[in-house]
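First comes the structure, then the notes that go with it.
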């Protein structure tokens, strides 16, 4: 029966080619626009570390004084940790792995005369970052906790930077000048490029190039290297060195926790730590302000999707809705025009269900054809998105799930559009129509 | 033309009529709001900068040790001033549509109780205000002893020129000359009013805040090193810029020229509004596609109705209706359906605007958008229905005598 209905649908669609083309084009345009924006949203809310993200968490404390007024247009200071808090969490060593980090942009002065000085983005971190995030090494290895403690001037380079500075021979053991200081290269990582860059500060780029160097955070603080994230201070500056001040938050902190029990214990630890700090008079706000975000929870909290993209998504979906209403009207006209034909089938014994199936298949065929044209239009749309000036632009590519999603959305939309006309056509009273024939 | 029979006929096609009207309504709502957003973006793009953009360019240097700042400054300035065609070179911290280094919060009292907003301090050396081309409309321009030497972020006091927009915001209706404001411990006195001076990053602010700028005179020093405002003949700008960057690269080879920030102010302005242009283009595309789909929907449905009513049309023709009557019948029918859609669409447009106002900081939709959108949709409907209506008018009376 299914094959027969397919044949009937094909004949019916062929009978009025212009109307069919119109419906396919309408649904194609709606699907294309929607899928373009859904894909953009999909890559922006992607899991940056599949397989590992479930075990990564970021603790947040609230060391702000009670009278601190947070302006809604500024960054939230509690998004980051202060140096004393980060060091306390690090020393507590309660997670499987833990690392404090901050982004930095440094000037590289290559030894080679033919390369002019240039800026690279990288990260100041503590030793666990490589094992925790699963950053793989091409050569050499990371530094140890002992290097952290002794503030050793060592650096791990990204593959791209290593090749740019030292060519194919590799830079292990060589010295590289970053900013005004020399660092010894002890390792080279494969380019590590999580998208979005969940571990970076909110005010830094969220979608961008891989970190091209890693060096010990303690050395960075020692040398007062500049960071490229937000530094929020409050109260009066008590420490001469503001990087280690208890009144300035600027550090990102991540922990790896393997089991729910461990997560629960860590959450309790954060509460206890806050309560203890409050008892000591350092924290003023209730300890329950301390939070532990999962990686995906943190990305949701940060809300990386720009309002323009959100607006464009709604616009595209609204457009798809207009297209669906349009097809609904056209299908209604098409089906009701065949009232006579439907009545004959009904009079010969076809049940309402059969008519419903027949016309439903016809709607779905429009949907599949619309999905195909929608796919083409979406590729065109994504191509135009890739030419946008934003940092997320180059990520706008369709993956398999989005490809299948396009067809699912197209068929769902056309079935939805066909539902009302099909239902209406099924209710045509056969006797009345037969009389008119 | 009698409307009664048309309404009677439409009542027999309630569902199809309702669907087309609904489509028109949705199109009306999206059309009004999308056009409004486009208008907002376009007006943002045409913001008055208050500076002679075409004659200005920015040169930004980084990557030198702060100990060498004075030496770098001297060599860079000498090299830039020697470039043929350069009229002036002034050290200044921020550039309209370019580098931003003077954003700070201010208050209108010493204790910081009355927050005045976050504004932009243009900290510039002698001649920089003239180079910018910002017009002083009240009070006075900076005088030689206004330019103070300073260390750190910016001078912690002095006489400043503020824009009309900021003056009106801080002291509505009052004469701003002689008024004072504070930024943390720093204390400033207004001696002049500028017509306009846009902040370097206007897109990040509400339309009202985009002109909140202050010119603060300062002696060039380490803090102003590496950020220069070039003035040259507009027609000669591309060549001057090329030569200037080459001259700096030669004179101070150890610094890094920030190529992205070292451009003519016109180019910087072009870059600042890239996103708005993309958004406007996307909206135009969606509006176009939506109107096309709507028109095609009307064509499809009208064609169907014409075919369905061939016999009735034939009968009407046989008993004396002219072609014009038939044509008008379908045109009036379309006018009524679109009219119904527009009525619903206006309500939807306002509802959508309320949602956008809540979530996307869009202002209220001006009322005159509604009649314009209504007119556009009516015209679209009439154009779409014209083809099928002409076909209906061509139905010969003899059809009445044949059975379908």
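The chain as shown is numbered from 1 upward.
Note: Cβ is positioned from N, Cα and C throughout, glycine not excepted.
Annotation source TrEMBL lists domain 'MacB-like periplasmic core' at A:20-266.
For A:316-430, the entry in TrEMBL reads domain 'ABC3 transporter permease C-terminal'.
Distant neighbours of the transmembrane segment (A:21-44): 195-196, 207, 304-305, 309-310, 312-313, 315-317, 319-324, 326-327, 330-331, 366-367, 369-378, 380-382, 385, 392, 395-399, 401-402, 405-406, 409-410, 413-414, 417; these residues of the same chain sit at least 6 beyond its ends, with a Cβ under 8 Å from one of its Cβ atoms. What TrEMBL records for A:21-44 (among others) is transmembrane segment.
According to TrEMBL, the feature transmembrane segment maps to A:313-336 (among others).
Marked as transmembrane segment by TrEMBL: A:356-382 (among others). Within its own chain, the transmembrane segment (A:356-382) is flanked in space by residues 1-2, 5-6, 8-10, 12-13, 20, 23-33, 35-37, 39-40, 327, 331, 335, 396-398, 403, 406-407, 409-415, 417-419, 421-423, 425-426, which lie at least six positions past its ends and keep a Cβ under 8 Å from the stretch.
As annotated by TrEMBL, transmembrane segment applies to A:402-420 (among others). Long-range contacts of the transmembrane segment (A:402-420) within the same chain, counting only residues at least 6 positions beyond its ends with a Cβ under 8 Å from a Cβ of the stretch, are 27, 30-31, 34-35, 38-39, 42, 320, 323-325, 327-328, 331-332, 359-360, 362-364, 366-368, 370-371, 374-375, 378.
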Secondary structure tally of the domain 'ABC3 transporter permease C-terminal' (A:316-430) (DSSP, helix then strand then coil): 97 helix, 0 strand, 18 coil
